[in-house]
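Asker: Here it is, the structure in full.
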Amino acid sequence: IFCSRLGGDERRVDSRTIYVGHRSCPANEAFIPPKFCDNRIVSSKYTVWNFLPKNLFEQFRRIANFYFLIIFLVQVIVDTPTSPVTSGLPLFFVITVTAIKQGYEDWLRHKADNEVNKYPVTVLEDGRRIRKESEKIKVGDVVEVEENETFPCDLILLQSSRDDDTCFVTTASLDGESNHKTHYTVPDTEKDLESLNATIECEQPQPDLYKFVGRMHIYKNNREPAVRSLGPENLLLKGATLKNTQKICGVAVYTGMETKMALNYQGKSQKRSAVEKSINAFLLVYLCILVSKALVCTTLKYVWQSKPGQDEPWYNEKTQREKDTNLYLKMFTDFLSFMVLFNFIIPVSMYVTVEMQKFLGSFFITWDKDFFDPEIKEGALVNTSDLNEELGQVEYIFTDKTGTLTQNNMEFIECCIDGFQYKYRDASSELDGFCVTDGPVNKLQQKAGREREELFLRALCLCHTVQVKEPTEQSQCQVDGRVDEVDGLGVDGEVLQTSEALRGFIASSPDEVALVKGAMRYGFTFLGLESKTMKILNRNNDVEMYELLHVLNFDPVRRRMSVIVRAISGDTLLFCKGADSSIFPRVRQEEVERIRMHVERNATEGYRTLCVAYKYLSAEEYAQADAGLREARLALQDREQKLMAVYNQVETGMSLIGATAVEDRLQEEAAETMEALQGAGMKVWVLTGDKMETAKSTCYACRLFQRNTELLELTVRTLEDDNLIELNLRGSSIFTSFSSLCCRSWSLTNQDYGFIIDGATLSMVLNSSNESNSSRYKNLFLQICQNCTAVLCCRMAPLQKAQIVKMVKNSKGCPITLSIGDGANDVSMILEAHVGIGIKGKEGRQAVRNSDYAIPKLKHLKKLLLAHGHLYYVRIAHLVQYFFYKNLCFILPQFLYQFFCGYSQQPLYDAAYLTMYNICFTSMPILAYSLLEQHICMEVLLDNATLYREIAKNAMLRWGPFLYWTLLGVFHGLLFFFGVRYLFSNPALQDNGQVFGNWSYGTIVFTVLVFTVTLKLALDTRHWTWINHFVIWGSLAFYVFFSFFWGGIIWPFLRQQRLYFVFANMLSSVSAWLVIILLILLSLLPEILLVVFRKPRGPHARQVEPKHTDTLTFPLCFTTFLPLFLDAVLHIFVVKRGWLLLFSIMYFSE
């Protein structure tokens, strides 16, 4: 019958056919098993065989790694002045550390995969129950799952142990929703699955968790096969857990990497922080400096050699091979040699340090006890450590309302029936969070007729998808009426028996539970659904029964849901509830005015409102609707669109009964948090699907709108004052409205402005058919919003939220955006923003899974941004600038040295120093600083939100600070080189008249360099811990120890040992000691004076309290003593050489 209705187009759909139990249908046909993938899950990235080549390929795609690989190869191929080890060892260290990290992460993924793939499951084969590993399940196998077990693949529910042929499921591991969802068996299936002959025709695998289209052909005794539609309510997803059902049986339709859970493994797009972009810009500058140095030295070398006698002196004649070498080739190889000599100006180890800083720094967020929420017993979660510093640069915050600004904890407040208000007053005992009275319904002034009241309450009891959880033995013993896992339900003993009072509600939305509880307050109790029969206990304690015929599910486009039921009397009714905007156009307009006033008043008070309507269906109307629904549900192609058309056809000509008001209270400290974020200079936008009046009230309660804020409104209501229908007329109206708003004198007054726009108007702005108009509208829209303290966008679809974020993110200046939400409808804007934050709320965990950071409550956002974000940005900005500075100090003396060695590419430092400088001698102090530094303590940062503005717009990584650090590096490099050269103007620096050589010269420069850059960091440190002391003084001690050790032993693997006893010999000279100390002090003199004479600026100063034992004041003592010491040294320096030596000995003996 149904097959004839499904035309040829349906047969050509890209679908799959599954044979239940691998039995051919009909039984006399030959069975050819189709080929599908196995049930193995593979989330790992590498295997043992491809790890090395694949990982190396991915790492060398990074420009810095590839650059150092080229430098290393040049050192190997070309005769360069430094050993290939100097570049190869740091590169090897970076590659190895990264490979170990990625390999360990992939090993954990392999381990998790094996746990899933080897999990034992029960499969029904030939009437036997066989235990096998999960990975061996094939499409078409009938699988048995028991209570609290996880579904091993995507199954179609065939059989349930429950009498009503349903089962309850939680999908916490998929979308985080802990609410119980109800799934239904396929109608008319055999109780004995062994005798079931059926095929399933369904769509090919796709990742949407909430969509499934299919149909099942059931063959019986050579009759025409029965066709039953399959939808999401029949599909049990891999990863979900069976609850409150002893066992079920289902047939596998998708396995392994084709399950919906596996298809959702795809990673999020990679987000890059502003710091990374600054690093790349600075790298280009230093690369230009490197190339310039190499070009200058190459040019000057050939200019110098062009002079007579310089190119080929008598003591160093060229070989025949050198004479035959092409001049341009030699110039090129010389250029490459200089590039190799100066390549250490590019800090390869900075990438490793930054990665470690981000990875280790993220633990401070998860360890923060202030983020722990005792209610859910969870703290903060970091999904992406690459964006820590972005938390300190946020300019725009886009927030959801329900569940983010509010608690998503619904409580029924009042209702309106036929225009009469019913406000419940607490009149009797309170049980499980609400009051129940068996007296008459409370009223205000007048009330509707009893028949209308009961019709409204029946609608609340019937129009929902709530299930009643049966009491367990454990709950029978409880006398306080509480139940586990679900919302409690209890009423006066005269109404329900004790066993029934212990029932609980199971629902996917807290709104539905609130409405069912609200009906209970007025005497109508929903008793549950059994075998398609809904039972209600009315005011007279009589049980009413209704046959559930169809459920027209809620969706965000329709914004309403309906049920079709049949009473015992034979009447067929449709009950519908939904948003006023979706209900009002579908009811008689004379009924709307009676309800509209109450709806708008409730919305103004901040309540969530729903309108309730009904309709009697004649036999002909129901037959037409039933046929249309069944046909649409059997469609494999465009099923949603066909169902939508039938829904819209049925849900017309209804009668409006009334409306409900449900309160969703503000989150704890929501107002204080929003106030602090605005004080920090962030613009807050509220993007919500709720109605404007409700959202506006919430904005006032959160202090986003103040009482003196002038609100600028641009909604369909303001545009339709003249009943404008044509889109182009609306467009001109929008442009006129925008233009009038933009003409305001924003800067001439201290007036605060707020802007309100709705989704319909916004779609005209964003999706204008005329491109030039669209661009103009967007610019005007942004111009208005940027001059407002807060913006409210209401009636927003999820896609519109993402469009708003993208528009602001790509606007002039590319401001840093942050999106925060708690539900699946917020995922799109969370993924779109620079930083996405999920709240562990009651709308599931999809937002948390797709976010970069997750926090339990909105109030935690304040500390996350104002304290952690501020400190992370300051730390990493200092780390980046410091790395470039210390490498410029390191390589500038090497460049200057070429002017004094005939541009012969003679290295100034030993190869060991070149290799160890960034890896060992100077790496740990800056890493500790970037993890522990608190230039301002967290309490001050939280109390003074304006401090956040000082680092806004990447203030510490702009070209100004970069130029300062570069000039400081040039100053220190010049001082190191020429200071030591001045010392060497008299080469006899030892008592026995022995002369120092070029390696002594380089070692003195390197010693001054290591001590200066390390002590510079010590002067910058404001928050001292034992770790800082250990790594700073430990690094200096390690350098001294290594120099003695490296130069004190004859190493057999070295062809030439340049530093043999050089360091020890150098320190035997008092003059060398003096020049080292003097140059260190001269280099740090500006910093010392700055620290000594700089006055603390109130709350900006680092506040040290005596009780903080881990915070030491060593730098203050250090900087107080240093000027006195410096003064003594400067007086010594002006005395003649003999007095210099005498005073030095006297000074150190004291």
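Quick reminder: no glycine exception, Cβ is built from N, Cα and C everywhere.
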Asker: Looking at 59-78, 879-898, 999-1018, I want to know which stretch TrEMBL calls transmembrane segment.
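Answerer: Spelled out, TrEMBL records transmembrane segment over residues 999-1018, not the other listed ranges.
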Asker: Quick check for me: are there 3+ Cβ pairs below 8 Å between the transmembrane segment (912-932) and the transmembrane segment (1030-1051), leaving out pairs under 6 residues apart?
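Answerer: Between the transmembrane segment (912-932) and the transmembrane segment (1030-1051), contact is present.
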Asker: I want to check the contact list for PHE554 (ATP binding site): same chain, sequence separation of six or more, C-beta distance under 8 angstroms. What comes out?
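Answerer: Looking at Cβ-Cβ distances below 8 Å from PHE554 (ATP binding site), excluding near sequence neighbours, one finds ARG560, MET561, GLY578.
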Asker: Using all protein chains in view, find how many other C-beta atoms are within 10 Å of the C-beta of GLY689 (ATP binding site).
Answerer: 22
Asker: List which of the binding-site residues ARG608, GLY689, ARG795, ASN825 have their Cα within 10 Å of the Cα of ASP400 (active site, 4-aspartylphosphate intermediate), in sequence order.
Answerer: GLY689, ASN825
Asker: Would you list the DSSP helix, strand and coil counts for the residues of the domain 'P-type ATPase N-terminal' (33-87)?
Answerer: 28 helix, 0 strand, 27 coil
Asker: Which value in Å gives the longest Cα to Cα span across the ATP site residues ASP400, LYS401, THR402, GLU512, PHE554, LYS577, ARG608, THR688, GLY689, ASP690, ARG795, LYS801, ASN825, ASP826 as recorded?
Answerer: 25
Asker: Out of THR402, ASN825, which has the highest number of nearby Cβ atoms, where nearby means within 10 Å of its Cβ, if these are the binding-site residues?
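Answerer: When each Cβ's neighbours within 10 Å are tallied, THR402 leads.
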